[in-house]
Amino acid sequence: MTFITRWLFSTNHKDIGTLYLIFGAWAGMVGTALSLLIRAELGQPGTLLGDDQIYNVIVTAHAFVMIFFMVMPVMIGGFGNWLVPLMIGAPDMAFPRMNNMSFWLLPPSFLLLLASSTVEAGAGTGWTVYPPLAGNLAHAGASVDLAIFSLHLAGVSSILGAINFITTAINMKPPALSQYQTPLFVWSVLITAILLLLSLPVLAAGITMLLTDRNLNTTFFDPAGGGDPVLYQHLFWFFGHPEVYILILPGFGIISHVVTYYAGKKEPFGYMGMVWAMLSIGFLGFIVWAHHMFTVGMDVDTRAYFTSATMIIAIPTGIKVFSWLATLHGGTIKWDPPILWALGFIFLFTIGGLTGIVLANSSLDIALHDTYYVVAHFHYVLSMGAVFAILAGFTHWFPLFTGYTLHPTWAKAHFGVMFTGVNLTFFPQHFLGLAGMPRRYSDYPDAYTLWNTMSSIGSLISMTAVIMLMFIIWEAFSSKRKVLQPELIATNIEWIHGCPPPHHTFEEPAFVQVQE
């Protein structure tokens with residue numbers, strides 16, 4: 001098989017998963033670089049980079065790159081492609097060629113996003129792309145149009161991937177295997193795919209209307225022609241809120257596997273509770289979107305509904321957190337790097353969840369909306385939730401993907417540096433938000449200097465951690481320490497073919513005997 005047929009025309013779920021992981025790692029470095037530019041600008045009062053426009057272009061690009069080109073490709077495309085077929089005993093994904101197309105739509109999408117920042121003054125709209133700021137007056141030129149096309153491509157990629165994962169998870173498992181006997185990671189990817197399939201078309205509609213408002217003189221979001229900018233907010237957030245659950249649900253699946261494995265358990269605590277908690281989170285995620293819009297002026301009964309509906313999500317989330325703790329309980333914990341990431345995830349994700357409960361209160365949110373309190377909240381659940389889950393999964397399955405082992409001491413040191421860096425970066429932002437520092441500004445009054453400087457120092461520590469990770473991965477490939485024998489393979493069937501597994505697995509259907 002030539003290099004080109006293997007890597008460009010690939011129909012193999014393992015190779016496509018590897019492509020997604022490499023793409024996500026590269027995009028992650030771009031996104032990290034953008035975040036360091038943001039923290040450098042905010043490291044002290046005064047201007048570093050230029051005006052607020054360039055600053056907001058960087059903020060917008062940072063969000064898009066991290067969401068659409070780092071977290072989603074790695075979690076869904078990387079871990080999802082690699083593990084879902086192995087975990088259900090399928091020979092590959094249901095639609096292997098469509099799988100390849102899903103991946104190859106992403107590099108052009110990324111290219112369009114980068115192009116948007118090189119024409120005119122860039123798209124400095126924030127990742128929400130609200131009109132009228134995103135309209136053709138405030139953002140004349142092609143920048144926002146290129147960003148919209150980028151989103152269209154990433155969206156098509158995700159929708160195709162979602163169809164593929166739904167079909168695979170439901171239809172490609174052995175007939176004797178009920179859906180309630182599939183591993184939790186398979187469930188998490190299935191639910192994530194359903195969320196993508198239902199939410200992305202709404203985003204596509206919203207940004208297409210924005211495109212025609214900008215270029216074809218329609219007035220969907222322009223009051224002068226009978227439109228309403230708040231309609232855009234509803235369309236965007238009907239996608240945007242499920243999106244944040246799309247980013248974290250595969251992480252829930254990864255953490256369930258890692259916690260179970262390193263606690264030495266053969267199954268997670270409360271499997272059915274875990275499944276129904278994820279289903280509940282997926283359902284509730286669609287009916288709370290307007291909590292992002294408490295400041296646009298809604299009726300008191302509407303605010304009351306969105307406040308209480310948002311708080312209800314804490315219940316299934318709590319079920320998951322306590323089930324992870326119950327899984328750990330009574331286990332002989334194996335203190336390998338992945339469990340450190342998983343424990344860090346549980347602790348920090350819970351803190352992020354608590355600040356989320358605070359923000360769910362519409363009255364409090366009116367004071368805190370668009371302050372650094374919100375930034376701190378979602379970075380605790382993303383920068384320490386999603387990213388820690390990715391690193392837990394990566395350090396756990398790296399031997400499966402490559403056949404080599406990471407250096408255990410360095411991997412633990414990397415956890416320590418990263419843990420310090422992200423907490424020092426984002427914890428002070430709660431204080432800034434409570435003190436009223438607004439988001440999306442490149443400068444601030446001197447009173448906010450101390451916590452901003454602390455936050456920026458934290459970002460440099462996180463950068464050190466990223467460089468450490470690059471070295472640790474290089475060291476593993478360089479030293480070529482082979483995997484001897486994974487433990488607990490009876491209850492973790494992704495490992496049964498050895499490390500790494502052969503190019504084709506389960507070519508003939510697996511024999512499944514169901515325990516009565």
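Even glycines carry a Cβ here, placed using N, Cα and C.
Small disclaimer: the values here were computed from a predicted structure and weren't measured.
Distant neighbours of the topological domain 'Mitochondrial matrix' (1-12): 19, 92, 96-97, 99-100, 104, 503-504; these residues of the same chain sit at least 6 beyond its ends, with a Cβ under 8 Å from one of its Cβ atoms. If you look up Swiss-Prot, you'll see 1-12 (among others) marked as topological domain 'Mitochondrial matrix', on the strength of similarity to another entry.
Taken from Swiss-Prot, the feature transmembrane segment covers 13-41 (among others), and the record attributes it to similarity to another entry.
Counting only same-chain residues at least 6 apart in sequence, those with a Cβ under 8 Å from the Cβ of Ser442 (Na(+) binding site) are Glu41, Leu42, Thr47, Leu49, Asp51, Asp52, Tyr55, Asn56. Feature annotation from Swiss-Prot assigns Na(+) binding site to Glu41, Gly46, Ser442.
Here the topological domain 'Mitochondrial intermembrane' (42-51) has Cβ contacts under 8 Å with residues 58, 442-446, 448-449, 452-453, 455-457 of the same chain, all six or more residues outside its ends. What Swiss-Prot records for 42-51 (among others) is topological domain 'Mitochondrial intermembrane'.
Tertiary proximity for the transmembrane segment (52-87) is limited to same-chain residues at least six positions away from its ends with a CB under 8 Å from its CB atoms, namely 13-14, 16-18, 20-21, 23-25, 27-28, 30-31, 34-35, 37-38, 41, 93, 99, 102-103, 106, 109-110, 113-114, 117, 121-127, 147, 150-151, 154, 158, 161, 165, 168-169, 172, 182-183, 185-186, 189, 192-193, 243, 246-247, 250-251, 254, 382, 386-387, 389-390, 393, 397, 400-401, 440-442, 493-494, 497, 501, 505-506. If you look up Swiss-Prot, you'll see 52-87 (among others) marked as transmembrane segment, on the strength of similarity to another entry.
Annotation source Swiss-Prot lists Fe(II)-heme a binding site at His62, His379, citing similarity to another entry. Non-local neighbourhood of His379 (Fe(II)-heme a binding site): Gly352, Val422, Thr425, Phe426, Gln429, each in the same chain, at least six residues away, with C-beta under 8 Å from its C-beta. In three-state terms derived from DSSP, His379 (Fe(II)-heme a binding site) belongs to a helical segment.
Proximity of distant same-chain residues to the topological domain 'Mitochondrial matrix' (88-95), defined by a Cβ-Cβ separation under 8 Å and at least 6 residues beyond the stretch ends, is recorded for 11-13, 81, 163-165, 167-169, 171-174, 177, 182-183, 186, 493, 504-507, 509-510, 512. Swiss-Prot lists 88-95 (among others) with the feature topological domain 'Mitochondrial matrix', giving similarity to another entry as the kind of evidence.
The feature transmembrane segment is assigned by Swiss-Prot to 96-118 (among others). Distant neighbours of the transmembrane segment (96-118): 8-13, 16, 19-20, 23, 27, 57, 61, 64-65, 68-69, 73, 77, 81, 142-147, 149-151, 153-154, 156-158, 160-161, 163-164; these residues of the same chain sit at least 6 beyond its ends, with a Cβ under 8 Å from one of its Cβ atoms.
The topological domain 'Mitochondrial intermembrane' annotation in Swiss-Prot covers 119-141 (among others). With a cut-off of 8 Å between Cβ atoms, the residues of this chain six or more beyond the topological domain 'Mitochondrial intermembrane' (119-141) that come close are 52-57, 59-61, 63-64, 67, 147-148, 207, 210, 213-215, 221-222, 229, 232-233, 236, 240, 440.
Residues 60, 64, 68-69, 72, 76-77, 80, 84-85, 88, 90, 93-95, 98-99, 101-103, 105-106, 108-110, 112-113, 115-117, 119-123, 125, 129, 134, 179, 182, 186-187, 189-190, 192-194, 196-197, 200-201, 203-204, 207-208, 210-211, 214-215 of the same chain lie 6 or more positions beyond the ends of the transmembrane segment (142-171) yet place their CB under 8 Å from a CB of it. The transmembrane segment annotation in Swiss-Prot covers 142-171 (among others), and the record cites similarity to another entry as its basis.
The transmembrane segment annotation in Swiss-Prot covers 184-213 (among others).
Across the topological domain 'Mitochondrial intermembrane' (214-228), the DSSP tally of helix, strand and coil residues reads 5 helix, 0 strand, 10 coil. Feature annotation from Swiss-Prot assigns topological domain 'Mitochondrial intermembrane' to 214-228 (among others).
What Swiss-Prot records for 229-262 (among others) is transmembrane segment.
According to DSSP, His241 (Cu cation binding site) sits within a helical segment. Under the heading Cu cation binding site, Swiss-Prot lists His241, His291, His292, citing similarity to another entry as support.
Positions annotated as O2 binding site by Swiss-Prot: Tyr245. Same-chain residues at least 6 positions away in sequence with a Cβ under 8 Å from that of Tyr245 (O2 binding site) are, in sequence order, Thr192, Leu195, Ile281, Gly282, Gly285.
The helix, strand and coil residue counts that DSSP assigns across the topological domain 'Mitochondrial matrix' (263-270) are 0 helix, 0 strand, 8 coil. Annotation source Swiss-Prot lists topological domain 'Mitochondrial matrix' at 263-270 (among others).
Between the transmembrane segment (448-479) and the listed ranges 13-41, 271-287, 300-328, 337-358, 408-434, the one holding the most Cβ pairs under 8 Å is 408-434.
Same-chain residues that are not part of Glu41, Gly46, Ser442 yet have a Cβ within 8 Å of the Cβ center of the Na(+) site turn out to be Leu42, Pro45, Thr47, Leu48, Leu49, Tyr55, Asp443. Across the topological domain 'Mitochondrial matrix' (1-12), DSSP assigns 5 helix, 0 strand, 7 coil.
Residue counts for the topological domain 'Mitochondrial matrix' (88-95) under DSSP, split into helix (H, G, I), strand (E, B) and coil, are 1 helix, 0 strand, 7 coil.
Cβ packing within 10 Å was compared across the binding-site residues Glu41, Asp370, and the lowest neighbour count falls to Asp370.
Separating the Cα atoms of His291 (Cu cation binding site) and Gly46 (Na(+) binding site) is a whole-number distance of 33 Å.
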